[in-house]
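> Okay, here's the structure, questions in a sec.
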Amino acid sequence: MKLVTAVIKPFKVDDVKTALEGIGVHGLTISEVQGYGRQKGHTEVYRGAEYKVDFVPKIKIEVVVDDEAVDELVTAITTSAQTGKIGDGKVWVVPVDAVVRVRTGERGSDAL
Amino acid sequence: MDELSSGDTAWVLVSAALVLFMTPGLAFFYGGMVRAKNVLGMLMQNFFCMGMITLVWSVVGFSIAFGEGNGFWGGFDFFALQDLTAGDGAIPYVAFVAFQMMFAVITPALITGSTADRMKFSSFAIFVTLWSVLVYSPIAHWVWASSGWLFKRGALDFAGGTVVHANAGIAAIVLALFLGKRRGWPTGDFRPHNVPFVLLGTGILWVGWFGFNAGSALGANKVAAIALLNTQIGAATAILGWIAIERLRDGKATTLGAASGAVAGLVAITPACGFVSPMGSIAIGLLAGAICALATSIKGKVGIDDSLDVGAVHLVGGVLGALLTGFFATLDTNEIGKDGVFYGGPWSVVGEQALAIGATLGYSAVVTALIALALKYTIGLKVSDEDEEIGLDEALHGETAYRLTSIGGSGFTSAVTATKVPEEAKA
C-alpha cells in the first residue's frame, strides 16, 4: 500500500475530489496547510506598516491506495489540480506498512 | 433660571446614552486591531472603565471637575453627587452630570490603545482610577467649568478635543514609554486579528459621536444641529484624506485606513463642531485624515510602541482640531463662539487655543508620568514575558475569545467544502 500526499491550490479541491471519485477512490483526507515553494506570498500594509506574508494557503490531500492504483491516482490528481501557473503544488508517494479500519479491526487492503 | 425644557432634556439624555455606547465601540475598534490572544484583555480594559470611572465620577470626579472651587480644582462640594438641584435650568442638572459621566468613562478608555497586549490588569485598574481623578477631572475643570482658568480665558473646545483627545493621546504615549514595547515590536507580526471588528467599532463610535458632539450643545437647538452636521462632514472627509495618503504612499486604500480616517476626523472635529461652518468642517476633515495617516509613522522613528496609534489619531487629531478651530471658528455658526483668523479674528484666538493645548499636554504628561512611575516601581506595569507570550486573555482573565475548532466536539465545523445540489437532483 502507498500513501499519496498532494499539496494543491485550495480552489482545486472539488476538481480533485471529482476526479478521484471517477477512478473509484472511496475516501480521502484533506487539511488546510500553509507553505511556499517557488510561489512567494504577498504583502499587507496596516497603517503604513508593511508585512510580508510568505506562506501561501494550500490544501493537503492524503489518500492510501493499493500499489497498483498509485500511478492512476497520481495522474488523476496532477491532471485535475493543474492550472499551469506557478504554485500548483506537489504530489509525493511513500510506502505504508499497515492500515486498520477502526470500526471493524480489518487490516491491510481490506481496510481501504 | 430657565424653565425646564423637555426637548432639551430629552436630547441630552439620549446623547448621554449615545456617548456611553462609544466605549464598547472603542473596545471593538481596538479589539479588532490586537492579536487574537489579547482581544478579551482589550475589551476588559474598556469595560473596566465603564465600571470604575462611573463609580469614581459619582464619588469625587464630577465634583473636582464641575464644583465651584478655584480656577484649577473644583473641590468636593458635590461629593457623592449631593446637593445637585441647585443648578437646574433648561435641563435638570443631573442630566448634565450623567452626560459628563460618559465623557469621563471614555477618556481613559482611549488610552488602552497604547497599552495593548502587555499591561497588567491590576496596574491598569489603579492607573485609570488615579488618572481620572488627578488628570481628567482637573483638566475638565480648567476648560469647561465656569470657574476654570482656561474657560475664563476663552479657549474654544466645543466637545473635548483638548480635554478628551489631546489629553488621552499624550497620556497614552507617556504610559507606553514607561510600559515598554511589546515583545518582538517592531519587527514581529502585529497584524490586526479582526479588521471587521475595527469597522464595526468605528460605526458604533461614529453614531455615538453625534451624542458626544451635538449633545455638547446641551440642548435641542440650532447649535446642536450644526454640530451634528459638522461631525458627519468631518468624519466623512477624513476617510477620504486618510485613504488618499494610503493610495499614494502604500499603493492601496485599506479598510483599516478608512476606519482610522473616520475616527481621526471625528477627533479633529470634536473641538470645532459647534463653532465652524460646514466648509470649515470639510477642510478640517480632509487635513485630519491626511495628517493623522502620515503621523502613524512617527512611533517607529521615536521607538515608542504606541500599539494602536492613540498618538497619531487622538493626540495629533485633537491638537490639529483645536488649532484649526482657532482658524475656522465663525460667529455665524455660534454667537457665543468667536471669529477665527480666517473670519477676521485676531491671531490671539489661535494663541488661546495653543495655550489651552500646551497647558493640557504639559499637565497630563507630567501627572501621567508620575502615576506610571509609581506603579512601575511598586506593583509593576507589565506582565511577565511568559504571560505576554500566552496572551492576556488566558494569562490575566482565564478565558478564550474564540473556540474555533471541531477538536473535542465543540460543534464548530471548519474547512468544509460544499457543492450546490442542482434543483432537478434534489431528493
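The chain as shown is numbered from 1 upward.
Keep in mind that glycine also has a Cβ here, set from the backbone N, Cα and C atoms.
Annotations in TrEMBL come from automatic prediction, not curation.
Marked as domain 'Ammonium transporter AmtB-like' by TrEMBL: B:10-402. Among the features that TrEMBL reports, transmembrane segment is placed at B:12-31, B:43-66, B:90-111, B:123-144, B:156-180, B:192-212, B:224-243, B:255-272, B:278-298, B:310-331, B:354-375.
Help me see these features in their spatial surroundings.
When pLDDT is averaged over the domain 'Ammonium transporter AmtB-like' (B:10-402), the result is 96.
With a threshold of 8 Å between CB atoms, the same-chain residues lying at least 6 positions outside the transmembrane segment (B:43-66) that come near it are 20, 23-24, 26-28, 30-31, 73-81, 97, 100-101, 104-106, 108-109, 112, 115, 119, 121, 124-125, 128-129, 132-133, 136-138, 140-141, 144-145, 396-397.
Beyond its flanks by at least six residues, the transmembrane segment (B:90-111) meets 2-5, 8-9, 12-13, 15-16, 19-20, 22-23, 26-27, 45-46, 49-50, 53-54, 56-58, 61-62, 65-66, 81, 84, 128, 131-132, 136-137, 140, 160, 163-165, 167-169, 171-172, 175, 212, 215, 218-219, 310, 314 of its own chain at Cβ-Cβ distances under 8 Å.
Counting same-chain residues at least six beyond the ends of the transmembrane segment (B:156-180), those with a Cβ under 8 angstroms from any Cβ of the stretch are 103, 106-108, 110-111, 113-115, 118-119, 127, 131, 135-136, 139-140, 143-144, 212-213, 215-216, 227, 267-268, 270-275, 304-307, 310-311, 313-319, 321-322, 325-326, 329, 337-338, 349, 352-353, 356-357, 360-361, 364-365, 368-369, 372-373, 376, 381-382.
Remote same-chain residues near the transmembrane segment (B:224-243) are listed as 11, 158-159, 206, 209-210, 213-217, 253-254, 257-258, 260-266, 268-269, 272-274, 276, 278, 280-282, 284-293, 333-334 (criterion: CB distance under 8 Å, separation of at least six residues from the stretch ends).
If one looks beyond the transmembrane segment (B:310-331) by at least 6 residues along the same chain, the residues whose Cβ comes under 8 Å of a Cβ in the stretch are 110-111, 113-114, 156-158, 161-162, 164-170, 172-173, 260, 263-265, 267-272, 275-277, 280, 283-284, 287-288, 291-292, 295-296, 298-299, 304, 337-343, 345, 349-354, 356-357, 361.
For the transmembrane segment (B:354-375), same-chain residues at least 6 beyond its ends with a Cβ under 8 Å from one of its own Cβ atoms are 123, 126-127, 130-131, 134-135, 138-139, 142-143, 150, 153, 155, 157, 162-163, 166-167, 170-171, 174-175, 178-179, 319, 322-323, 326, 381.
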> Go through B:123-144, B:192-212, B:255-272, B:278-298 and flag the stretch with the largest number of C-beta pairs under 8 Å relative to the transmembrane segment (B:12-31).
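Between the candidates B:123-144, B:192-212, B:255-272, B:278-298, the best contact partner of the transmembrane segment (B:12-31) is B:192-212.
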